[in-house]
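For reference, the structure is listed below as structure tokens.
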Amino acid sequence: MKIGIIGVGNMGGAIAHALIERGFELYLSSKSSSLEEYRGENVHIVSAKELTQKSDYIILAVKPHIYPLVVEEIREDLREETIVISIAAGQTIESLTNLLGDRKFILSMPNTPAMVGEGMSAICPSEKVTEEDLSDVKEIFSFFGRVSVLDSNLFHGFSAACGSLPAYVYMFIESVADAAVLTGLKREDAYNFVAQTVLGSAKMVLETKKHPGELKDMVTSPRGTTIEGVRVLEERGFRGTIIDAILAAENKSKAMRKE
């Protein structure tokens, strides 16, 4: 399986590193990033044209404003069996069909934790993509996190709930760490303690398969410190504020697609 990546910035670079670690043969092309750090026995630094001619799968990880230009550059060299994987923001099945025509392509949306191998990605195939093709693409995405196949009309909600969520989690970590510093903990310790607790809590949800509410109840003892904190969060509209933020992000995503 030969994989090409056009656009090796933060996300494209994270994907490249994950695939290099697993021994894939890679073709990389980027006009704005230095690619020397990726050069190796199975990594080829080439033009977009050569990449297109030699790759079985092409990951387009370029900025949205140059996306049409890149597609125009490679379209003539695309082989019928080549699968194009788009991770550029703002694309839809319809827009990709207009750009690529009746070809095999995958609309995808990874989030930034993919940079540390813990991403959550959604993918949606075009009609020509076979089950075997889709299985290969899921394997590729599994190397930098988890992946799920979604209908394209659910991508707005996925973007709001998972694409934007890391920013909210960072705000939460920062806020809890500030409070910890206020109680006397050192700043570096506070960040480490809180981040590890968030990581562990997330793994509890994924690995125990228990409802988050049940896990919360396991921590809240009668008349204890945790339930007192929960009471304050409920009084201040913690849940409702989060829901409103996710819906606002979803609405913004829909509005941007219309622009």
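Every residue, even glycine, has its Cβ placed from backbone N, Cα and C.
When TrEMBL records I6, G7, V8, G9, N10, M11, A61, V62, K63, P64 as binding NADP(+), the matching candidate from S30, S47, S55 it lists for that site is S30. In the three-state DSSP scheme, N10 (NADP(+) binding site) is classed as helix.
Taking all protein chains in view, 27 other C-beta atoms sit within 10 angstroms of the C-beta of V8 (NADP(+) binding site). Remark: N10 (NADP(+) binding site) has T112, M115 as non-local neighbours, by Cβ distance under 8 Å and separation of at least 6 in sequence.
Around V62 (NADP(+) binding site), taking its Cβ as the centre, 26 other Cβ atoms fall within 10 Å, counting all chains.
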